[in-house]
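Before anything else, here's the structure in question.
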């Protein structure tokens, strides 16, 4: 999608408009926040496989890795302190995203992006300057707070700025930025690992400030979304001018009317986090809880931040393990681009299902290879280590064109304006919570379950693929303000939604009778 180009598309539900350069530039700046998350995922896994980093901060792990013959191959990186370092970020992010919901709703999407980017810059300084584990933990906590704000607000921003017919592609840009961030981190880790004096990890941790500074400075110049402008103070004229600029046409009255209607409903809701638990929002709540939960139990973040560690576990050397992580991320980045091209053509469900089947087969194959060729002691033949790498590439590609981008897209587009910020906070909170649990337990699981760990993840992918098949309706190209239609047509959700609507009608009639 070229800057400055005007791309015509089939307008959804009577909406006019096209993807203008103004939309693209705004979404590039906001979407770059995904680089922060991706960079952290890639950097944390890379530095924890570097011998200089481990010997300074985690000497017990370093001695296990160097060849204690009494330690199983599967247990060489099993360390409570190492898992605390890795997963402490996600506890901070979990708490921060709940606060971010109120900030995003009251002060706007841009305000949360600014807060998140600023805190992330500060956290990066502590990482690069760390002299003990406590400074490392402070670094992780500050990064978590920053990510809690940016991950909560950016997918909302992208979905609200995008035309309905291109919402999937533009929102998927966030996942593409995550993938690019991981790739950049892996390349930097691969490069700095060769520094002879062993201080390359400081460069890796410090450079996290670069994308955060770009996001923070760029957010100063970002416009707010039309939805928030109307929700904030009812300034319809300002929203109309912005919407005309975003869509590249003056024929935006239908979309503006829907935004005003949605805002009027939103103003009646005082406590969105409380209201999302009402029966009328049951479909949105279930999707907002289960989609991010399933996203994490695929085992993807194990691959993201433990990939170098895992490749070292199966016998690759330090440099080869870091390069292997680069290779898997290149595959994921290409798959992200494919997802952006096809998501609005083929829809969300098809990508979920195809990606799910691909991941099931990959996890089973990795488990089978490890079961046959990798024992508690002794090495693994290089041919089989590289076979595991190839299968991992297939796995991350399947995730990158399905569950990766769609986890951020689907929950934001199905939630009406009055609960949209709360719904996205739940999504990010679940991601951080489950990532924390997996981060705390994966190395121990690998130690005790060994190759069975991958069969466990494969089983979860089976469950989530069935969930999508039976319970997720298709949402492509439908305006977010008209999304309630999909629940009324769905074989399962229409009963719940219908019962709630009948109850509301009975209450309205009762109130009307009592006033006469």
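Any Cβ shown, glycine's included, is placed from N, Cα and C.
Pulled these features from TrEMBL for this protein:
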DOMAIN    26-476  domain 'Major facilitator superfamily (MFS) profile'
TRANSMEM  19-39  transmembrane segment
TRANSMEM  81-101  transmembrane segment
TRANSMEM  113-135  transmembrane segment
TRANSMEM  141-158  transmembrane segment
TRANSMEM  170-191  transmembrane segment
TRANSMEM  203-222  transmembrane segment
TRANSMEM  285-307  transmembrane segment
TRANSMEM  319-339  transmembrane segment
TRANSMEM  351-372  transmembrane segment
TRANSMEM  384-404  transmembrane segment
TRANSMEM  425-445  transmembrane segment
TRANSMEM  451-472  transmembrane segment
Restricting to the same chain and to residues at least six past its boundaries, which positions have a Cβ under 8 Å from a Cβ of the transmembrane segment (141-158)?
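Those are 27, 30-31, 33-34, 36-37, 40, 88-97, 99-101, 103-104, 109-110, 112-113, 115-124, 126-127, 170-171, 173-174, 208, 212, 215, 222, 225, 408-409, 412, 420-421, 424-425, 427-428, 431-432, in sequence order.
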Please determine whether the transmembrane segment (384-404) and the transmembrane segment (319-339) are in contact (criterion: at least three Cβ-Cβ distances under 8 Å, sequence separation 6 or more).
yes
Note the mean pLDDT of the domain 'Major facilitator superfamily (MFS) profile' (26-476), expressed as a whole number.
87
Tell me whether the transmembrane segment (319-339) sits in contact with the transmembrane segment (19-39), defined here as at least 3 Cβ pairs under 8 Å among residues 6 or more apart in sequence.
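These two segments do not touch.
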Which residues, given as numbers and ranges, are at least 6 beyond the ends of the transmembrane segment (19-39) yet have a Cβ under 8 Å from it?
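Beyond its ends, the transmembrane segment (19-39) has Cβ neighbours at 1, 3-7, 9, 113, 116-117, 120, 146-147, 150-151, 154, 157-158, 161-163, 166, 170, 173-185, 207-208, 211-212, 214-215, 218-219, 221-223, 245-248.
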With Cβ distances under 8 Å as the criterion, find the stretch in 170-191, 203-222, 451-472 that has the most pairs with the transmembrane segment (113-135).
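By the under-8 Å Cβ criterion, the transmembrane segment (113-135) pairs most with 203-222.
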